[in-house]
Amino acid sequence: MDLVLAAADQHLLTPYVYPAGWPEAEPCRQLLSLFAITNLGALALYLLFGTLSYYFIFDHELKKHPQFLENQVRREICYALRSLPWISVPTVALFFAEVRGYSKLYDNIEDSPYGWAGVFLSMLSFLFFTDMGIYWIHRGLHHKLFYKRFHKPHHLWKIATPFASHAFHPVDGFMQSLPYHVYPFLFPLHKVTYLGLYIFVNVWTISIHDGDYRVPRALRHIINGSAHHTDHHLYFDYNYGQYFTLWDKIGGSYKSPTSFEGKGPHDYLRKLREKDQGASNGLQASKTE
């Protein structure tokens, strides 16, 4: 995050926002700047990619599903916008620790223990580490001690849209993001790679709420996509994972998505249309007689 902070200081904050005598490395200034950057960045990622996904990927037919709530899209967005600033508070504390040099983030490829191969391996290990962490945190949030208070608000959206992706209770949202922030304090990671992964995980979170259940057949039971996560929203005790199905299989919580078996939300809507059409045809026939 120090790369983003340095760019913001150079091009905006130092010349146009802060008094000339306030040093860039002063802790209070860094905290204030990180809070603004984190909130603006999260808001931009959420609204930009959520909007693109909603208009170009999300199947709007799903809004006709009986479990799609009235004014749901507006409610999802409002809930997310209220939660993001609170989620950012502990997040900024971790970013501040990174900026002050307490993490294992590094600037140059030469600083990687294994060069470019180390950068590539760190990307894979980041995905597997965070997938494992999120699985257990997410599953823990379903425990009766925590679910009603913290995680239940996210399950209001049975048929989610991309805008439900960040519509969490603040505690829930931060806890499920914690593995992303913990990783660079435990393992070496290139700073630009970290920023790229941070954007990726936000986009991925949006994608598993986009209602597009298409996955290459060979990866259907490996990648945790929108079909898997939709069943998590609908059936509660299944598919806690973020990217992969590995930990759900290990933990006994894996469920083959109903949409892959002809029993998903789209199939339910199709059956409703066929039923309505049949009733309409029957009524028309009775009138003819």
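Any Cβ shown, glycine's included, is placed from N, Cα and C.
Just so you know, TrEMBL annotations never went through curation; they're auto-generated.
In the domain 'Fatty acid hydroxylase' (124-252), the DSSP tally of helix, strand and coil residues is 86 helix, 4 strand, 39 coil. According to TrEMBL, the feature domain 'Fatty acid hydroxylase' maps to 124-252.
According to TrEMBL, the transmembrane segment annotation covers 31-58 (among others).
Using a Cβ-Cβ cut-off under 8 Å and counting only residues 6 or more beyond its ends in the same chain, the transmembrane segment (79-97) has close neighbours at 1, 27, 30-31, 34-35, 38-39, 42-43, 46, 103, 153, 163, 165-170, 173-174, 177, 181, 185. Residues or ranges marked as transmembrane segment by TrEMBL: 79-97 (among others).
Sequence annotations record features per position, and here TrEMBL assigns transmembrane segment to 117-137 (among others).
Listed by sequence, the residues of this chain that lie at least six past the ends of the transmembrane segment (31-58) yet keep a Cβ under 8 A from its Cβ atoms are 1, 4-5, 8-9, 13, 73, 80-81, 84-85, 87-89, 91-92, 95-96, 99, 161-163, 165-166, 199, 202-203, 206-207, 210-212. Confidence across the domain 'Fatty acid hydroxylase' (124-252), taken as the mean pLDDT and rounded to a whole number, stands at 94.
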